[in-house]
Amino acid sequence: MFKKLFRQDENILNSELAEDLPIPRHVAIIMDGNGRWAKKRFLPRIAGHKEGMDVVKRVTRYANAIGIDVLTLYAFSTENWKRPTDEVDFLMKLPVEFFDSFVPELIEENVRVNVMGYRENLPNHTMRAVEKAIADTAHCTGLTLNFALNYGGRSEIITAAKEAMKELELEGKSADDLTEEKLNDHLMSSGLGDPDLLIRTSGELRLSNFMLWQLAYSEFYFTDTHWPDFSKEDFLQAIIEYQNRSRRFGGL
């Protein structure tokens, strides 16, 4: 059944994309607008998060279908702990339900789960769900579904710099020997590559402390669509927009 779901998406999506233009290798998404989506429908905010979880599953299928290597989703920031307790509690339970229902499909489709963020601050039930999903899909070699969970870009850079400096000290070197490559090796996203395309939903035009180092030369795509309404057509439009841009990385 899972194979059928993925193959249907593959046929529809690939028919819409230009074959002679590049597909982004790494797509990152700031999934914004769950609360606004719920408010518009006179529903509690958690209803938006619940609907958003289903969209994560669909977008994962789309990304896998067109051959994206890494899909990074901003699930929970280090600042999100400031939200109401009942909302935070619900968000910390979502990974349990999400992975329990979706990991069998991910395994069948050779999708590997990765999580970057400060795991030590997560509740035990969330941590167990995360670690089990990572372990259960560790053998998979296809798409990497990477969640930024309890993640903050500034903290990540500081942590990476400290770790890089400690390594340099052990090597008998100084701060003058610190390079971009050395720092990059200690980022939470090390080994995944920088995002080629950042998508942000719900009309907000900011990064919100997300992958500040890695997004230096990424292409940005903003849409007014709230995350729970983000459709196959919205995803396709973002990819097509990327295909029609010229990436210069600071050159001409």
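Using N, Cα and C of the backbone, Cβ positions are placed for all residues, glycine too.
These come from Swiss-Prot:
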BINDING   Asp32, Glu219  Mg(2+) binding site
ACT_SITE  Asp32  active site
BINDING   33-37, Arg45, His49, 77-79, Trp81, Arg83, Arg200, 206-208  substrate binding site
ACT_SITE  Asn80  active site, proton acceptor
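Listed in sequence order, the residues of the same chain lying 6 or more apart from Thr78 (substrate binding site) and placing their CB within less than 8 Å of its CB are Gly117, Tyr118, Asn150, Tyr151, Gly152, Ser155, Asn209.
Working note on the binding-site residues Gly33, Gly35: by count of other C-beta atoms within 10 Å of each C-beta, Gly33 ranks first.
For His49 (substrate binding site), applying a Cβ distance below 8 Å and a minimum sequence separation of six or more within one chain yields Asn34, Glu87, Phe90, Leu91, Leu94. Cα separation, Glu219 (Mg(2+) binding site) to Trp81 (substrate binding site), rounded: 29 Å.
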